[in-house]
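Working notes, beginning with the structure itself.
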Amino acid sequence: APAPEYVNLTYLLSVAGPFHTFLNYLESTKVIDTFQSQANNTEQGITIFVPKDDSFKGLKKPSLSNLSDDQLKSLILFHALPKYYALADFNDLSTKGPIATLAGGQYTLNFTDDSGTVHLDSGWSKTKVSSAVHSSDPVAIYQVNKVLLPEAIFGTDIPPTPAPSPAPDISPAADSPSADSKEGGSPSKALPSDSASHRVMKLSIWSHLVLAVLGGLVLLF
């Protein structure tokens, strides 16, 4: 029988989708060699879950930059299962509990199949298979929307989803004029006071008296 065709994972991830960040991690940690060996030198094959580039850009807490070399390698291995699984096989996996990944030990994933949509739960990350990049025995590559973060590295203290920030309370400036002062002005300034009116009336009476006296004196002389 002819030998099976060699599968070049680097080529597949280079030409399909925006997977450059994940591919860079594969190469820098040397995990690409483990994946290639599993794909081409075993009967079980391999299933790989590949996050898109923007999944890494949106990853702020926790940050991968704080991981040791061994932890980063385990995290990348955590994105693969040591067996080929077609999409139809995940329905059976959902009933089997945690599934071991290539990272081994406590690095397991839980799967659920919701009417044909495959959901993954890593403990920290909950995501789903958004598309099949390559699915031909012995290699299956599926695109996921989030980086898979294992509890074996990050623990179980999952940070809550931040609440939306409240809208700022904008209050009017302290020295802003009120509506009443803008429209009608201050009554004390707009109208003269009663005392001022009385003074004007008294001056008018005295002026008339003075004029009358002067008029009488003129007639006498």
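Cβ coordinates are placed from backbone N, Cα and C, and glycine is handled just like the others.
Annotated features in TrEMBL:
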type	residues	note
DOMAIN	6-148	domain 'FAS1'
REGION	158-193	region 'Disordered'
COMPBIAS	159-169	compositional bias 'Pro residues'
COMPBIAS	170-179	compositional bias 'Low complexity'
Residues of the domain 'FAS1' (6-148) by DSSP state, where helix covers H, G and I:
50 helix, 40 strand, 53 coil
Averaged across the domain 'FAS1' (6-148), what pLDDT does the model get? Just tell me the whole number, please.
93
